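Input: a single structure, listed below in structure tokens.
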Amino acid sequence: MVLASFLVSGLVLGLLAQKMRPVQSKGVDLGLCDETRFECKCGDPGYVFNIPVKQCTYFYRWRPYCKPCDDLEAKDICPKYKRCQECKAGLDSCVTCPPNKYGTWCSGECQCKNGGICDQRTGACACRDRYEGVHCEILKGCPLLPSDSQVQEVRNPPDNPQTIDYSCSPGFKLKGMARISCLPNGQWSNFPPKCIRECAMVSSPEHGKVNALSGDMIEGATLRFSCDSPYYLIGQETLTCQGNGQWNGQIPQCKNLVFCPDLDPVNHAEHKVKIGVEQKYGQFPQGTEVTYTCSGNYFLMGFDTLKCNPDGSWSGSQPSCVKVADREVDCDSKAVDFLDDVGEPVRIHCPAGCSLTAGTVWGTAIYHELSSVCRAAIHAGKLPNSGGAVHVVNNGPYSDFLGSDLNGIKSEELKSLARSFRFDYVRSSTAGKSGCPDGWFEVDENCVYVTSKQRAWERAQGVCTNMAARLAVLDKDVIPNSLTETLRGKGLTTTWIGLHRLDAEKPFIWELMDRSNVVLNDNLTFWASGEPGNETNCVYMDIQDQLQSVWKTKSCFQPSSFACMMDLSDRNKAKCDDPGSLENGHATLHGQSIDGFYAGSSIRYSCEVLHYLSGTETVTCTTNGTWSAPKPRCIKVITCQNPPVPSYGSVEIKPPSRTNSISRVGSPFLRLPRLPLPLARAAKPPPKPRSSQPSTVDLASKVKLPEGHYRVGSRAIYTCESRYYELLGSQGRRCDSNGNWSGRPASCIPVCGRSDSPRSPFIWNGNSTEIGQWPWQAGISRWLADHNMWFLQCGGSLLNEKWIVTAAHCVTYSATAEIIDPNQFKMYLGKYYRDDSRDDDYVQVREALEIHVNPNYDPGNLNFDIALIQLKTPVTLTTRVQPICLPTDITTREHLKEGTLAVVTGWGLNENNTYSETIQQAVLPVVAASTCEEGYKEADLPLTVTENMFCAGYKKGRYDACSGDSGGPLVFADDSRTERRWVLEGIVSWGSPSGCGKANQYGGFTKVNVFLSWIRQFI
């Protein structure tokens, strides 16, 4: 039996294996596998319990294994148990559900209301007493209604009343139904009533009547008032009884009224009118209050509230709204920092003493925007030197600023288009009994201005300064109640204070911001914005607490309302007159009030550069209103400025000699008077008594001179940098008492035409030279691009450190007047050998900066054959490099005579028809123009020697300038001086087409004297 079962089982397994080939089989319940269990969670968060799961047999590659039938997994079964409150293994449903849930798996939401109980299987609601309906939503009977605290009610029956009876406490009247009933539809027959307090009856006003418009004096009852003629009703015409038992207003009065005149509109201001009587009686009856508020960036000047007095007058003058600069103004401030839109005035306040300080002003009446604004106001006559407030007005573009000398200030003229400004007067404000300006409050001997405008700390300080005040500053760390009450009265809760905290981690160190009168003590120090820790935190006063005010700090850049303060005590001090400006001097003011010079203030004077002070340095305003000393003077120190230093020279300044006596160099003896000795002694003047005051000379000698200024008597000694220059003018000059240097200006000019070579050039039949024998000789090389080389093609003559003269045909393209690019030329000075490789360190090579050819140059006949080359960098004069002398009319007349000998030099072709390797020279006699023309005519080469040319050479030829010598010098010896000099009379220009050194065919030279005026245009 077992075997049969095994065989059957094997057969079945084999058949199943064949059927489920090739890889994996489907599960079959063969009864061979035990149950497994899934762990599921009951409820959320709930608990874990096990659920039995049946397993089936599966095959994989002919091998059986067990797993849950139908590939069932825990995720397929467990989720539905999470909604249960209690679960049971094997039960295909929840045992119990959470509150307000129902159904097999607790998926339904119970809808029961008013405490109804939900059936967990069906969701049906079991209602409590007094409720019915599917969801227990219907209340049996009528709902209870709320009632006022003063209403008394009786319910019948108490638990589920069908009627309610109402009544009121004593002193109240019932308004509404005394009984309401519950209707079949579940609604009450009426609203609950109210208990209303009765208002007291009012008697008629004096000179008037009152009428009640209803019987009961309860809420809504109205009284109407009227006055007998000629009285006006002041207050409400009707009063209504309110629910609280009070009338809705004050009982009116009957008065005989007066009216105030109409008010003009105030620019940039809004106003609110509070009228004590009805508008029908007139615009501004007595008791009317008009309150002004300035818009935008405008500040109120004057009283913010005007009241119509019983006598028909206003309590004060109308205020104005003006823009106030939010930067502090000093004597150096420029108007550009304060200008607003065109035509818009801005109030500033200038300190005292600005006429005593420096600062440029351009214009008269209308000024340039870069002018010193306070000095301009004094110049315009809008302010005295003692300072004060003024309105600066943007005048728009302007271009004709006129200079003038007005009110002790000299303005400059300027003819350029720029923004301009002018001034308007500031209306003077009246002061009350306290001495404070209109709209200011007296607080502990101070005048306080309060504004709700918001500004950063520094900007707020600027506004206060331009109101002739400062940010409110206290001399102790206790806030006075009077200030707190004033600020609260203006509706402020926080306000900047002119105190500053150095370090948030340390106790407060209070700092006074008044920079004109700094008092240093333990509790009060001066603030400097550059100190560490001062950059961000500023002090403000928090007055929100009704019981006390406290100091706090916040960022200085955060806007806040603020209060300005001025000291009343200054107004009781003696005041000194304005001392006026100090010519050529400055003044530093100490302790002055912002609007003048009071007792105790002082002025310290100083002079401008090159001036000294004569008189008392510091003057003080005394208690009797006078200055302690006269104003000093600034006296100019006479000096000479730096004398001009000549090019290629130097000047040495020597101080004045210590004695005032004059000694004559070379005097053999001193002359003495022919008197007896006693008489001679008596002839001396008695000694002068010494003064305790320093003399003018002593004061002037103590003044420190700026660089470039020298005292009277100083000496300037001139020298040239080398022997290659000679000094023209005065070698020594002295600073005289007029501030001028004596003598003639000195200059160093190159020594021209001097050769250091001892060799005589006039060696007949010779052509050799020495190195440096002709130091003005210049070699001119041109870049030959086709040959990739520099070629020495012409000569030239050095005129000074920067200029060389040569022939025009050397620097122009062949047969044209077109100038070759200067970059294609190099100039050599001090050169001896043609070959550049043989040049030594004394040869100076320069590039051309500019080339100038005579504008009349004719390349056809070489007339006007002259050109100038400017060097990029000047040469240094040495033994080998020196300039040649230019001719004069006298030298030209002497030298250009027939037969006069001259020397021509260059690197041109020699008799072997090769270019010379060294500088060659030739001595040539001058030939008459007619002889020259005749010689060429005989050779059938007719030409004309113009007045700009001359000829030189020999009848038989022998020596001549040749190709390569063009542009070089033809010089003549000038022995009219002690030392021989050489003069440039000619420039090698042209020769015979047949060749060099031909008989009767002389060399042509450009006559330099003709072109002296043209040359001097450049050098």
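The first residue you see is number 1, and the count goes up from there.
Glycine is no exception: its Cβ is also placed from the backbone N, Cα and C atoms.
Just so it is clear, the model here is predicted, and its values are computed rather than measured.
The annotation signal peptide is assigned in Swiss-Prot to 1-25 on the grounds of similarity to another entry. Per Swiss-Prot, the feature domain 'EGF-like' maps to 102-137; the stated evidence is sequence analysis. Summarising the annotation, Swiss-Prot assigns disulfide bond to C106-C118, C112-C125, C127-C136, C260-C308, C294-C321, C331-C350, C354-C374, C538-C556, C576-C621, C720-C748, C794-C810, C932-C951 (among others). Residues or ranges marked as domain 'Sushi 1' by Swiss-Prot: 140-197. Residues annotated as domain 'Sushi 2' in Swiss-Prot, with sequence analysis given as evidence: 198-256. Per Swiss-Prot, the feature domain 'Sushi 4' maps to 574-636. The feature active site, charge relay system is assigned by Swiss-Prot to H809, D865, S966.
Sorting the domain 'Sushi 4' (574-636) by DSSP state (H, G, I as helix; E, B as strand; all else coil) yields 0 helix, 31 strand, 32 coil. Here C794 (disulfide bond) is compared against the disulfide-bonded residues C112, C294, C331, and the shortest C-alpha distance is to C331.
Neighbour list (C374 (disulfide bond), Cβ cut-off 8 Å, at least 6 residues apart, same chain): V329, D330, C331, S333, I348, C350, P351, C354, G359, L383, G387. Taking each Cβ in turn and tallying the other Cβ atoms within 10 Å, the top scorer among the disulfide-bonded residues C106, C260, C556, C951 is C951. A strand conformation is recorded for C748 (disulfide bond) in the three-state DSSP classification. Each of the disulfide-bonded residues C308, C354, C720, C810 was scored by the number of other CB atoms within 10 Å of its CB, and the largest score is that of C354. For the domain 'Sushi 2' (198-256), the model's pLDDT averages out at 86. Comparing local CB density within 10 A for the disulfide-bonded residues C118, C125, C294, C538, C748, the maximum falls on C538. Listed in sequence order, the residues of the same chain lying 6 or more apart from H809 (active site, charge relay system) and placing their CB within less than 8 Å of its CB are P859, L862, D865, S966, S989. For C136 (disulfide bond), the same-chain residues lying six or more positions away in sequence with a CB closer than 8 A to its CB are C112, K113, N114, G115, G116, C125, C127, R128.
Among the disulfide-bonded residues C118, C538, C621, C932, the residue whose Cα lies closest in space to that of C748 (disulfide bond) is C932.
Just so you know, of the disulfide-bonded residues C112, C321, C350, C576, C932, the Cβ with the fewest other Cβ atoms around it within 10 Å is the one at C321. Broken down with DSSP, the domain 'Sushi 2' (198-256) shows 0 helix, 22 strand, 37 coil. Of the candidate disulfide-bonded residues, C106, C118, C260, C810, the one lying closest to C576 (disulfide bond) when CA atoms are compared is C260.
When Cβ atoms from all protein chains are considered, those within 10 Å of S966 (active site, charge relay system) total 26, not counting its own.
Note on the disulfide-bonded residues C127, C331, C621, C794: the fewest other CB atoms within 10 A surround the CB of C127.
Put simply, of the disulfide-bonded residues C106, C321, C621, C720, the one whose Cα is nearest the Cα of C932 (disulfide bond) is C720. As a summary of secondary structure, the domain 'EGF-like' (102-137) carries 0 helix, 9 strand, 27 coil according to DSSP.
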